C-alpha cells in the first residue's frame, strides 16, 4: 500500500504525525492549517509546485471535514461564501501563474520561501504581541481577557467597530448578509481577490487572512466568519487543487497521510476549545510561528550557501516548535478535563 | 502518486478531477470514521483522564 502511494513507511508516518499536529492547530485556533505544511515540504526537498499543490489539496480535504462540522451548527453563510469564491478563484489563478512563471525563471523556491518567512514572522509577531498585551491588560487572567475582547467588539456575536466603519461607506451595489448586516460588493470583491492571490502564491488556505478579513472588514458575526471562511477555504482549496492537479504536481501519498492525521487532530483540537483558555496557548502559537519563520529562512540559506546541515536544523526547529505547541494544547486540555470532571480539584 | 500516475493516459482535467474525487472521498470517510471512534472512545478517554 505504501509503495502504491509512493512514500516510504517512515515518511508516511512522519506526515501522519505532522498532519495530526496541524489538525490540532486548525481545530483549536480555526487557522494555521497549511502554512506549516508547504514550508515543511519545501524543507524536505519537494519542488515548490509539488509542495504548494499537495498543500492545496490537503487544505481542501481538511476544509471539507471542517465545513461538515460547522454546517450542522448553521454557521455558514453560503451566499457570501459563493460570492467570495469568484474573487478568490481569480486571485488563485493569478497567484499560481506567478508561481509557475517564477519556476520557469528558476527562482520559485527562493521567492516563495522569502514570502513565507515574511508572512510567518508577521503573523507570529501579531499573535505574540496580542497575547502579551492581553496578559498585561488583564493581569494574565484569561477570562478577563475574553471579556475585554468581547467589550471591544460589543460581544462575540456582534460586528467589530472597524467593520461597522467600513459598512458605513455604502458604495453600491450593496448586499445583505445572512445575519442581516449589509456590505458593499466592492469590499467583498477586494477581500476575496487579495485572499485568492495569497492562497495561490503561497499555497496556503488563507484562513489566517480570510477569517479576520470577513470579520473585521466585511463584517459578520464571529461564528459566521469562521464557518463562512471554512466554506470559502473549501472552494478555494478545490480550485487550487484543480489548478495544480491539472499540472500533475499533487502527491496523493502526501495528502492522504496528512489527512489521516489532521482529521483526528482537528477533532481533538475542536474539543479542547471547550476546556482550554485560548490565551494560555496563544502566546506559544505566536512564538512557534516566529520559530517557523526562522526555520524557513535557514532552509533558504541552506540552499544559497550549499550547507545541508542548515536544512536539518531548519526541519528540527519547525517540527519541534509545532510539537511543543501541540503538546501544550493537549496538556492544558487534560488539566482542564481533570479540573472539571475529576473527583477533587487539584490544589 | 500523482493524478497522472493514478489514471495513466487521462487528460489533465480528468486527472485533476480524479485527484479531487479521491480527496473528497478520503475526507468523508475520515470524518465518518473518526466520528464513530469519538462516540465510542471519547467517554472512556475522558473518564481515564479525570481519574489520573
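For all residues, glycine too, the Cβ spot is worked out from N, Cα and C.
The annotation transmembrane segment is assigned in TrEMBL to A:12-37 (among others).
The annotation transmembrane segment is assigned in TrEMBL to A:43-68 (among others).
The feature transmembrane segment is assigned by TrEMBL to A:80-100 (among others). With a cut-off of 8 Å between Cβ atoms, the residues of this chain six or more beyond the transmembrane segment (A:80-100) that come close are 48-49, 52, 108, 112, 175, 177-178, 185, 188-203, 206, 214, 218, 220, 228, 231-232, 235-236, 239-240, 243-244, 247.
Residues annotated as transmembrane segment in TrEMBL: A:106-127 (among others). Proximity of distant same-chain residues to the transmembrane segment (A:106-127), defined by a Cβ-Cβ separation under 8 Å and at least 6 residues beyond the stretch ends, is recorded for 35, 38-39, 42, 47-49, 52, 99-100, 198, 201-204, 208, 282-283, 285-293, 296-297, 299-300, 303-304.
Annotation source TrEMBL lists compositional bias 'Acidic residues' at A:136-151.
TrEMBL lists A:136-158 with the feature region 'Disordered'.
Marked as transmembrane segment by TrEMBL: A:183-208 (among others). Sequence-distant contacts of the transmembrane segment (A:183-208), counting only residues of its own chain at least 6 positions beyond either end whose CB sits under 8 Å from a CB of the stretch, comprise 30-35, 38, 51-53, 55-56, 59, 62-63, 80, 83-99, 112, 115-116, 119, 123, 166-167, 169-175, 177, 214, 217-219, 229-230, 232-233, 236-237, 240, 243.
For A:214-235 (among others), the entry in TrEMBL reads transmembrane segment.
If one looks beyond the transmembrane segment (A:247-269) by at least 6 residues along the same chain, the residues whose Cβ comes under 8 Å of a Cβ in the stretch are 2, 5-7, 11-13, 15-29, 33, 37, 41, 46-47, 49-50, 52-54, 56-58, 61-62, 65-66, 100, 241, 326, 329-330, 333. Sequence annotations record features per position, and here TrEMBL assigns transmembrane segment to A:247-269 (among others).
Residues annotated as transmembrane segment in TrEMBL: A:281-303 (among others).
Look at TrEMBL and you will find A:315-337 (among others) tagged as transmembrane segment.
Here the transmembrane segment (A:43-68) has Cβ contacts under 8 Å with residues 19, 23, 26-27, 33-34, 37, 76, 96, 99-100, 102-103, 108-109, 112, 199, 202-205, 227, 230-231, 233-234, 237-238, 240-241, 243-245, 247, 249-252, 254-255, 258-259, 262-263, 266, 295-296, 299, 311, 314-315, 318 of the same chain, all six or more residues outside its ends.
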